[in-house]
Amino acid sequence: MLGITVLAAILACASSCGDPTFPPNLSARVVGGEDAVPNSWPWQVSLQYLRDDTWRHTCGGSLITTSHVLTAAHCINTNLTYRVGLGKYNLTVEDEEGSVYAEVDTIYVHEKWNRLLLWNDIAIIKLAEPVELSDTIQVACIPEQDSLLPGDYPCYVTGWGRLWTNGPIAEVLQQGLQPIVNHTTCSRLDWWFIKVRETMVCAGGDGVISACNGDSGGPLNCPVEDGLWQVHGIVSFGSSRGCNTYKKPVVFTRVSAYIDWIKEKIQL
C-alpha cells in the first residue's frame, strides 16, 4: 500500500492533502482528453508570465505547501516576471470565482538541471505570501522518497496545454488517463532508449491521449488509499513528432527521486 508522506510539519500545511472537495470524473479521457470537473484538481496551478502588459499561461505546476509550487526547470526563464494562478479552471476568466493570483518571491531551479539532456527538470517557486486554502485551492500530496509505481498504474495528467499538436491552448483545465510505463519498457530502443533516466517516469504512449505544449511543469496525479491523490510526476518532455506519438509516452520528472531536494528548498 502506498503511504502518504507528510514531511513532518513542513508539508503538513493543511489538515489533509490530495483530497479534492469536488472529485474528478475518472471516466474522462489533455490531447485526446476531456474537460476536467471544475476544481477537481485543486493543487493544479497556472504559471503565467508578463508580456506586453498581458499575463500569458506558459506552464502548469502543483501547490505542495501554502507557499510553494512544484514545476519543471525548463519552464523557468530568469528574464521573465511570473505570477501563479491558483484555483483556476477557465483561463479566459481573469476574476474567476474561487481563484487568486500570487506573486513570486523566489524560484529555485535544480542545481544540476541540464537543458540539453533534460536531466533534473525540477524547480520550486516560493510565493510572496502564503495562500489561503479553500475548496478550490488545496495542497497536493507527494510520494515517499524513491517510491515507484508499477506498470499500467492508472494516473492522470492535467493541464491547459495544446488540445492537439500545434493546436490551440485549452481554455478550461483538461485531464487525461496516462497509465504508468515501467522503466524497462520505456527505455527500449524503439521507445525512449537511453534518453530516459531512472529519475524519470513515463506514462501513456498509446498514441491517443497525451500531454502537450503548455502542460509542462504540471502534475501526474496518481490515486492512493482512501481516495487521496499523490503527484508522482512533473511533465517534462514528449516526442518532437507530435504530442500523442505511439511508443513515445510523456516523460515526467519522478517526484519521489527528489524528495530530499524538495524538503531542503521549502525550508529556505
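A Cβ is built for glycine as well, from the same backbone N, Cα and C atoms used for every other residue.
According to Swiss-Prot, the signal peptide annotation covers 1-16, on the basis of sequence analysis.
A strand conformation is recorded for CYS141 (disulfide bond) in the three-state DSSP classification. Per Swiss-Prot, the feature disulfide bond maps to CYS17-CYS141 (among others).
Taken from Swiss-Prot, the feature N-linked glycosylation site covers ASN25 (among others), and the record attributes it to sequence analysis. Within the same chain, residues at least 6 positions away in sequence whose Cβ sits under 8 Å from that of ASN25 (N-linked glycosylation site) are GLU34, ALA36, VAL37, SER40. ASN25 (N-linked glycosylation site) carries neither a helix nor a strand DSSP state and counts as coil.
Residues annotated as domain 'Peptidase S1' in Swiss-Prot: 30-267.
According to Swiss-Prot, the disulfide bond annotation covers CYS59-CYS75 (among others). Sequence-distant neighbours of CYS75 (disulfide bond) (same chain, 6+ residues apart, CB-CB distance under 8 A): LEU47, THR58, CYS59, GLY61, ALA123, SER216, GLY217. DSSP classifies CYS75 (disulfide bond) as helix under the three-state reduction.
If you look up Swiss-Prot, you'll see HIS74 (among others) marked as active site, charge relay system. Every protein chain considered, the tally of other Cβ atoms within 10 Å of the Cβ of HIS74 (active site, charge relay system) stands at 21.
The annotation N-linked glycosylation site is assigned in Swiss-Prot to ASN79 (among others) on the grounds of sequence analysis.
DSSP assigns ASN90 (N-linked glycosylation site) to a strand. Residues or ranges marked as N-linked glycosylation site in Swiss-Prot: ASN90 (among others).
ASP121 (active site, charge relay system): 27 other CB atoms within 10 A of its CB, across all protein chains. A coil conformation is recorded for ASP121 (active site, charge relay system) in the three-state DSSP classification, outside any helix or strand. The active site, charge relay system annotation in Swiss-Prot covers ASP121 (among others).
If you look up Swiss-Prot, you'll see CYS155-CYS222 (among others) marked as disulfide bond, on the strength of sequence analysis. The secondary structure of CYS222 (disulfide bond), as reduced to three states from DSSP, is extended strand.
DSSP gives ASN182 (N-linked glycosylation site) a coil state; it is part of no helix or strand. Residues or ranges marked as N-linked glycosylation site in Swiss-Prot: ASN182 (among others).
Neighbour density for CYS186 (disulfide bond): within 10 A of its CB lie 23 other CB atoms from the protein chains shown. Residues annotated as disulfide bond in Swiss-Prot, with sequence analysis given as evidence: CYS186-CYS202 (among others).
Annotation source Swiss-Prot lists disulfide bond at CYS212-CYS243 (among others), citing sequence analysis. Every protein chain considered, the tally of other Cβ atoms within 10 Å of the Cβ of CYS243 (disulfide bond) stands at 25. Taken residue by residue with DSSP, CYS243 (disulfide bond) is part of neither helix nor strand, so it is coil.
There are 25 other Cβ atoms within 10 Å of the Cβ belonging to SER216 (active site, charge relay system). Residues annotated as active site, charge relay system in Swiss-Prot, with similarity to another entry given as evidence: SER216 (among others).
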Average model confidence [pLDDT] within the domain 'Peptidase S1' (30-267): 94
Cα-Cα distance linking CYS17 (disulfide bond) and HIS74 (active site, charge relay system), given in Å to the nearest integer: 26
Inter-residue C-alpha distance, ASP121 (active site, charge relay system) and ASN182 (N-linked glycosylation site) (nearest angstrom): 19
Neighbour count (Cβ, 10 Å) for CYS17 (disulfide bond): 25
CYS222 (disulfide bond) and ASN90 (N-linked glycosylation site), Cα-Cα, nearest whole angstrom: 23
